[in-house]
Amino acid sequence: MSLITDIYAREVLDSRGNPTVEAEVYTEAGGVGRGIVPSGASTGEHEAVELRDGDKDRFGGKGVLKAVANVNNVIAKEIVGMEVTDQIAIDKAMIALDGTPNKGKLGANAILAVSLATARAAADELQVPLYNYLGGFNAHVMPTPMMNVINGGAHSDNKVDFQEFMIMPVGAPTVREAIRMGSETFHALKKALEADGKVTSVGDEGGFAPDFANNEEPFEYLIKAIEAAGYKPGKDVAIAFDVAASELWNDEDKKYKLHWSTGEEYTTEEWIEYLSDIIAKYPVVSVEDPIDENNWDDWVTLTNKLGKKVQLVGDDFFVTNTDYLAKGIKMGAANSILIKLNQIGTLTETVEAIEMAKEAGYTAIVSHRSGETEDTTIADLVVATNAGQIKTGSMSRTDRLAKYNQLMRIEDNLGDVAKYKGIRSFYNLSEQAKQDIENR
């Protein structure tokens, strides 16, 4: 193996046209790796800090020249000369160099860019695919995609309170077929929306964001689209949705408010019943952030009620942080974690969170952010860790499709070794729950 000889960062743009950090790592044996950091719109308050310049005269304050300078002038001095394959030592060195619990000094965007670029440089030097470098010979499970085809909440300008409505091709035999099923359902949905005179422009993650009469109408359109594409709802293609409940929670009143639609308010008990009714009515297999991120006891209450029936995913709740995840596991809160690289800020900590979840019987869903790039690391990471599920947007926008295309390449490379588990990737649910989802 060889040592890192140079690190260089620059400011580039993400899928929303906002600045982000790109880093390149070079080794003495000729290895080169590049990593680009994504950015979120709906963010958890406990996420690692994304360092922005704050200069209102430049990119509206969203520039990242400070983070870029931290890579070129601070991180590079520490990391150049280290062994490129010693990912853990490199990540720990950057964490120590920052010295804050939330990476607020150097910026998680600066640290993550170098972390990702390091792994790619090592894989390039060894002349192996990234998934193979990260996961070894056991990397073989192709993920069940979670495709965001209808946007609401903070991801749109419509009157829908829930942030994302997704389809999951749980009955597909391969990831290539799963992507085909998702694409066909996506186009069937577009036709159904157009037939009813609804807008079919797409949002940040490639999903449609038309106006709807209420929060249940998107589910009805998903059912219609799945059937129009020739599939059975629940059995072939299941439904998932992201509530993003922290966006709806009023901490003063201690109530959830549907402020994008009707303005109705719910106590926690009423809210849990409201969500339970929706889950019972439609073939829902997964619900993300159904409870406010700071209401731990309420998460436990919901998990006790629904945890064997449906996947309950902590995103803002866990923020890819092993401390929060360990607390949730101990309390019995949620049964799944959404994995976002930039929530925690290094590849090492991300893999630690995935492994902790799997050991506890929680599923781990490797996820994109709403502000994405052409970087396809998450496609390799989900296969490397055999996580089993990926959330990376809809069937439009190149920044989303880049990940799906990479998954198909990986499946081709793996050949007969590749295994797509579909509904079996939900090892956190009972067999009866899976049957019930198929029959709704």
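Backbone N, Cα and C atoms are what each Cβ position is placed from, and that goes for glycine too.
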The (2R)-2-phosphoglycerate site in Swiss-Prot lists Gln163, Arg369, Ser370, Lys391. Which one of Lys198, Lys340, Lys421 belongs there according to the record? Lys340
Among Glu216, Glu217, Glu265, Glu288, which residue does Swiss-Prot annotate as binding Mg(2+) at the site that also has Asp242, Asp315? Glu288
So among Gln163, Glu205, Lys340, Arg369, Ser370, all listed as recorded positions, which is physically nearest to Asp315 (Mg(2+) binding site)? Use the C-alpha atoms. Lys340
Between Arg369 ((2R)-2-phosphoglycerate binding site) and Asp242 (Mg(2+) binding site), the C-alpha gap once rounded to whole angstrom: 13
Helix, strand or coil at Ser370 ((2R)-2-phosphoglycerate binding site), per DSSP? coil
Give me the sequence-ordered set of same-chain residues, not including Asp242, Glu288, Asp315, with a C-beta within 8 angstroms of the centroid of the Mg(2+) site's C-beta atoms. Gln163, Glu164, Val243, Ala244, Val287, Asp289, Val313, Asp316, Leu338
Proximal residue to Gln163 ((2R)-2-phosphoglycerate binding site) among recorded positions Glu205, Asp242, Glu288 (C-alpha distance): Asp242
